[in-house]
Amino acid sequence: MHVKGFSQTHQQQPTMATSMTHLFVTILLVAAHTAFAETNMLQDFCVADLKGAKVNGYPCKDPAQVTPEDFYFIGLASAAATNNSTMGSAVTSANVEKVPGLNTMGVSISRIDYAPGGLNPPHFHPRASEAIFVLEGRLFVGFMTTAGKLISKHVNKGDVFVFPRALLHFQQNPNNAPASVLAAFDSQLPGTQVVGPSIFGANPPIPDDLLAKAFHIGPQEIQKVKAKFPPKK
């Protein structure tokens, strides 16, 4: 009898465990389905009313006023001038502010052009991951992990490279010929924060002694660097 009871007890445990697993999986699936359903579009589109008040995005334009131009942008067709840039690069963005039809769609695209020796300096996008497709030329690209590891590679025409959301990254053209890429983002307005201007051109300015301690250099060196980054208005 003791052996039989032992056998029955151990036969029941897997059944109970299996039932609990099925219940847990069911709850997860229901929760996932509910979350997905709540984020579905409730209309065909929501063209941005760029003059309306922003509440984590733009309100919808009256559908009767929507035109094909709300979904159209020609600005990426040609290379942008890079000779006016101190870094030798130029970014042309096709985000919701340029293409109102992108509102609520969670995507945008940019073109980046690089002069010979040009650099898109270290920066990050707080609201998006980025994937670049090399249109022309050859670039050295990379990003920094939060552990301080540099993940970098030389990429050529036709290659794709991905930068994870909110991680510091860069693109450099070390060659004697121009280069260009198309960059895709999973946000209608990714945002861009460039390290140098953000830190040394802050308005109001970050105190010199704070920066001197953070970068292990003297206040005079901080002043010299700040002189290269006029405060943002």
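Backbone N, Cα and C atoms are what each Cβ position is placed from, and that goes for glycine too.
What TrEMBL records for this protein:
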type     : residues               : note
BINDING  : N120, H125, E130       : oxalate binding site
BINDING  : H123, H125, E130, H169 : Mn(2+) binding site
DISULFID : C46-C60                : disulfide bond
DOMAIN   : 74-223                 : domain 'Cupin type-1'
SIGNAL   : 1-37                   : signal peptide
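Note: the domain 'Cupin type-1' (74-223) comprises 22 helix, 57 strand, 71 coil (DSSP; helix = H, G, I, strand = E, B). Looking at E130 (oxalate binding site) and C60 (disulfide bond), their Cα atoms lie 26 Å from each other.
Within the set of binding-site residues N120, H123, H125, H169, the entry lying nearest in space to C46 (disulfide bond) is H125 (CA atoms). Cα separation, H169 (Mn(2+) binding site) to H125 (oxalate binding site), rounded: 9 Å. Here the CA atom of H125 (oxalate binding site) lies 25 Å from the CA atom of C60 (disulfide bond).
Counting other Cβ atoms within 10 Å of each Cβ, the binding-site residues H123, H125, H169 show the lowest value at H123.
The disulfide-bonded residues examined here are C46, C60; by Cβ neighbour count within 10 Å, the least packed of them is C60.
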